[in-house]
Amino acid sequence: MRAAGPLWAALWGLLLARVAADEGILHASGDGVPPVTKDYCIIYNSNWISLPKSLDNATFRALENLTSTVLCNSSEAPSGLMKDKAVVVMRGNCTFLEKARIAQSLGAKMLLIASKPRLSPISDNKTDFEDVTIPVALIRYNDIVDMQLTLGNEVNVTLYSPPLPEFDCSMVVIFLIAVFTVALGGYWSGVAELDNLKAIASPGERETRRKKEENVTFTPVTVILFVIICCVMLVLLYFFYKWLVYVIIAVFCLASAMSLYNCLAALIGEIPFGQCRIACCNKSIEVRLIFLAVFCIAAAVVWAVFRNEDRWAWILQDILGVAFCLNFIKTLKMPNFKSCVILLGLLLLYDVFFVFITPFITKNGASIMVEVAAGPFGNSEKLPVVIRVPRLDYSASTLCDLPFSLLGFGDIIVPGLLVAYCRRFDVQTSSSSVYYISCTIAYAIGMVLTFIVLALMKMGQPALLYLVPCTLITSSLIAWKRKEMKKFWKGSNYQV
């Protein structure tokens, strides 16, 4: 299980805060006193029509629900019901253009097309719509049902598209979580290395320490094999997502519960009281560790049951995710800088290929990495291998596909392994944490650079594209400046 954990964690390496240019908001108002209002996601084409940027300039229309028809023929619509109203019809076999012309000819002022499948961009030929003057937008059919249940039968609606925020404050929370996890994981790895060195110096503790040792060491060969398996697993997820996603969820529950236990057990071990034990199967077990194991299992089970509860489940997922990353940064041991360069370099290429190159290969022109992130083909289940934080600035994107900013575990674990190696090298050479501190600062700078590019490009970014150069170059410069590159490169061959 220790080897499986970092495998599927590294499958995900993407900072995602993507915003679609043609997302908008349908603002609906009920007939109550005071009126109840609610917002819903819409997809429109900004090349056909410009929506108001705020409600101040928006015009409300009474909503006429005609979802019993697809409006592919003017005879399908009851006479006189559409005049000066916003009309909602079902998506059917005819084009958006045909629906829009029929609705406009019958006096409608707005056309909403309800879609049961996942919302997709409206991309009919612009020149064909020159004679269509009414707004046309896609809306989820479930939102129309919710609108009637929440607001009643008499509903007034309007469309608007608020300007996109340049930067969402959730990025600050993502940044703090990522840097904290990398720094703490590296420090914990250094503490474990110091204990190993003490055990080596003390023959009486050597055997005891060997039994407790849980590290898994990566060699260059296993690094290459690891990356190949990552590629295969991501492709399998793309084609068999609806089955494999539940396997990943099950593995996450098991691995995160074990990781949370290891993290909390390390803290509890420093508490000198409450150490009563019970005998079981010729072994002595601390009672407090039994309660801790039950608590960790319960936390994972609660998340599994309520994982789609967006209001609070993300907090539990992030806690389990941080524990998972911490445990594997401490457990997965890079023997030297050479292995770090191979691992980070190959995973950088992996990240860039599956984000930027695969759109030229897939039939729908979508990135495999981003598709797996969103759940291919409209799958409602999402992979839990991310840190996610709700977007704090209100926009259309908070109502549509991505109400969360996401950072993959791979963007924490992979650079974190280098930070952990730097910390262990500091311990081995008594270099006053210069490698560890420098590499951690470089990671933070790489994250800031990723956020800047994300804000400028408005699309998901492979964070390793910026984190890997920052951390590798910084570590190399420190080793070169201190004239320790040979020691740093070969690692354990030069351990003191």
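The backbone N, Cα and C atoms fix where each Cβ goes, and this holds for glycine too.
Remember, predicted model here, so these are calculated numbers, not experimental data.
Taken from TrEMBL, the feature signal peptide applies to 1-21.
Under the heading domain 'PA', TrEMBL lists 71-143.
What TrEMBL lists as transmembrane segment is 171-194 (among others).
TrEMBL lists 215-240 (among others) with the feature transmembrane segment.
Using a Cβ-Cβ cut-off under 8 Å and counting only residues 6 or more beyond its ends in the same chain, the transmembrane segment (246-268) has close neighbours at 1, 4-5, 8, 188, 237, 288-289, 292-293, 296-297, 299-301, 303-304, 307, 319-321, 323-324, 326-328, 381, 383-385. TrEMBL lists 246-268 (among others) with the feature transmembrane segment.
Residues or ranges marked as transmembrane segment by TrEMBL: 289-306 (among others).
Residues annotated as transmembrane segment in TrEMBL: 312-329 (among others). Proximity of distant same-chain residues to the transmembrane segment (312-329), defined by a Cβ-Cβ separation under 8 Å and at least 6 residues beyond the stretch ends, is recorded for 2, 5-6, 9, 177, 180-182, 184-186, 188-189, 252, 255-260, 262-263, 299-300, 302-303, 306, 384-390, 404, 409, 412-413, 416-417, 419-420.
Among the features that TrEMBL reports, transmembrane segment is placed at 341-361 (among others). Note on the transmembrane segment (341-361): residues 10, 13-14, 218, 220, 223-224, 226-227, 230-231, 234, 334, 367-370, 410, 414-415, 417-418, 460-465, 468, 471-472 of its chain, located 6 or more positions outside it, place their CB under 8 angstroms from a CB of the stretch.
The feature transmembrane segment is assigned by TrEMBL to 402-422 (among others).
Taken from TrEMBL, the feature transmembrane segment applies to 434-457 (among others).
Sequence-remote contacts of a segment are chain residues at least 6 beyond its ends whose Cβ falls under 8 Å from one of its Cβ atoms, and for the transmembrane segment (463-480) they are 13-15, 337, 340-341, 344-345, 347-348, 351-352, 407-408, 410-411, 414-415, 418-419, 422, 434-435, 438-439, 441-443, 445-447, 449-450, 453, 487-489. The annotation transmembrane segment is assigned in TrEMBL to 463-480 (among others).
Here the transmembrane segment (171-194) has long-range neighbours at 15, 17, 215, 266, 318, 322, 325-326, 328-330, 333, 387, 389, 405, 407, 411-412, 415-416, 419-424, 426-428, 436, 439-440, 443-444, 447-448, 451, 454, meaning same-chain residues at least 6 beyond its ends whose C-beta is under 8 angstroms from one of its own. Nonlocal intrachain contacts for the transmembrane segment (434-457), taken as residues 6+ away from its ends with a CB within less than 8 angstroms of a stretch CB, comprise 15, 17, 166-167, 171, 175, 178-179, 182-183, 186-187, 190, 415-416, 418-419, 422-423, 425-426, 463, 465-471, 473-475, 478-479, 482, 488. Outside the transmembrane segment (289-306) by six or more residues, the chain places 249, 253-254, 256-258, 260-261, 264-265, 268, 278, 312-313, 316-317, 319-320, 384 with a CB less than 8 A from a CB of the stretch. Summed and averaged per residue, pLDDT over the domain 'PA' (71-143) gives 82. DSSP assignment over the domain 'PA' (71-143) gives 20 helix, 16 strand, 37 coil.
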